[in-house]
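First up is the structure itself, then whatever we jot down about it.
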């Protein structure tokens with residue numbers, strides 16, 4: 001029989017195994033080709049250029065995606081080869097050399113890769129337009145996306161998967177040459193570890209894993225504390241080492257110890273549920289510890305990255321409002337032409353004027369003593385005050401008297417990094433005047449724009465009108481004296497108002513500083529600031545979400561493939577159980593418990609990893625945490641649940657076929 005005939009017969013015989021591997025290849029090619037096509041799509045590239053790092057961002061994401069695909073395909077190929085170990089052993093028994101077997105399997109792999117690349121490119125071509133539309137939707141761009149076939153993307157994909165094929169062939173050759181004939185017939189049935197009594201040392205190591213994870217979580221909550229600012233990089237390395245190392249020890253020792261304790265308490269009286277759930281987990285925990293640790297860490301990393309990017313996207317509007325607390329912000333007496341044009345075009349609006357008076361203060365007077373090492377602790381700066389009567393236009397029930405003040409406009413990462421305390425006294429000065437203020441309350445409400453507060457999020461004092469008049473005698477010492485917030489009554493007028501805002505020149509302002517020098521400012525509208533945030537972060541948001549989905553699909557698929565492989569290995573055990581009288585329902589109860597562990601535990605620990613990682617520094621990415629975090633976590637839980645249901649369905653199919 002010729003080698004080609006043997007190849008086709010082998011592929012036909014292994015069709016039920018090949019579809020799994022073939023799907024993994026098609027999925028990988030589709031992901032890669034559709035993403036690379038975006039790089040060479042003119043409409044998409046022009047739309048994301050505002051991010052400033054479009055080319056570098058696409059390239060970096062492509063490399064990460066290729067790493068995901070490489071890991072995914074090599075793992076799928078490893079499982080596939082393990083399931084065919086007995087077949088490879090039979091080939092050797094009938095006299096075939098290992099070299100001939102390698103050639104046989106290499107030809108099969110080449111045919112599979114060629115077919116998968118062809119199908120994946122076709123699917124990727126049709127899905128690339130949908131992906132491009134999603135990207136443009138995220139950055140709110142109205143652009144017609146044409147369905148174009150990129151020869152550059154085709155060439156790049158062919159080269160990349162040709163390299164991947166070579167790596168797979170090396171893996172295959174290494175696996176065949178390193179194993180003995182006897183081991184090939186027992187590879188699929190070998191237990192990773194004998195079930196035995198656990199030593200005290202193993203108990204201690206298992207407990208140490210839990211301690212390491214707990215310490216990593218605790219350290220993450222202190223990562224951005226002022227006292228730890230100088231050791232930020234070292235602390236990040238320690239957190240990574242403790243959480244990853246602790247996760248491995250938990251899977252390697254803690255889980256098996258708990259399972260063994262449950263088994264020993266039953267004194268050998270194991271139910272069928274115990275046999276199908278506890279025992280397989282314990283037998284395979286030695287090798288599963290590595291894969292479950294990797295899957296857990298990848299889940300935590302991908303969910304963390306996805307959540308942080310979604311926080312940036314979700315916070316775009318809130319961040320824009322902290323800079324522009326109104327549809328339009330006018331300073332001093334400029335912008336009168338804009339208001340006149342609004343009235344001429346019958347555009348109704350609400351106007352709130354704030355009088356401003358600067359004071360000089362050391363904000364450290366409101367900071368906790370623990371923050372004394374902060375570089376801002378003794379820094380003196382300008383803080384603006386507004387009179388109570390102006391503030392009451394938006395907050396009519398607010399009252400203060402004497403030298404009591406309300407600190408507002410203080411939020412975002414500044415409030416997280418440098419928290420201030422109320423019911424403290426603060427000495428401020430304006431020229432020769434000095435006043436001692438008592439901070440009655442601290443609010444994060446944005447009322448004064450970022451132009452005045454040097455970037456947004458800076459504090460503003462609400463003082464009594466009498467105190468404001470007293471401070472205003474030193475008005476010449478500070479550049480800003482008035483801010484007018486304009487809010488349109490109907491968003492239908494927004495497009496015309498944006499045009500009038502630019503045409504009137506209200507977006508440009510000129511002031512004189514204390515030395516008499518001229519300073520020019522370009523002030524965006526709220527809508528322009530919001531869109532600018534989305535456009536500048538659009539590519540990052542999209543690529544991280546895309547890669548997060550790729551990570552999720554990879555880890556979920558690996559767990560699913562592994563469960564399919566284990567189900568096939570345990571087919572004989574199900575046949576015996578069915579013959580001695582156990583029903584499908586009895587067996588499935590144990591399967592449910594097993595799948596709850598295999599999918600639930602990595603997901604749960606991964607969610608905890610991502611939660612503490614995100615919680616430690618989310619404020620650097622945006623101003624909203626809870627909603628983006630819960631939405632991202634819910635998506636991950638839902639997709640993992642789908643893979644778990646598919647695994648249970650496959651087990652049910654195997655159990656039904658076991659008789």
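Every residue, even glycine, has its Cβ placed from backbone N, Cα and C.
Between the stretches 178-197, 198-217, 318-337, TrEMBL puts its transmembrane segment entry on 198-217.
Counting Cβ pairs under 8 Å that are 6 or more residues apart, the transmembrane segment (60-80) and the transmembrane segment (20-40) reach 3 or more and are in contact. Listed stretches 100-126, 237-259, 292-313, 537-561, 596-614 were compared with the transmembrane segment (629-651); the greatest number of C-beta pairs under 8 angstroms is found for 596-614.
Counting Cβ pairs under 8 Å to the transmembrane segment (158-177), the top-ranked stretch among 100-126, 198-217, 292-313, 537-561, 596-614 is 100-126.
Taken as a whole, the domain 'ABC3 transporter permease C-terminal' (546-651) shows an average pLDDT of 84 in this prediction.
The stretches the transmembrane segment (596-614) and the transmembrane segment (237-259) are in mutual contact, each linked to the other by at least three Cβ pairs under 8 Å (pairs 6 or more apart in sequence).
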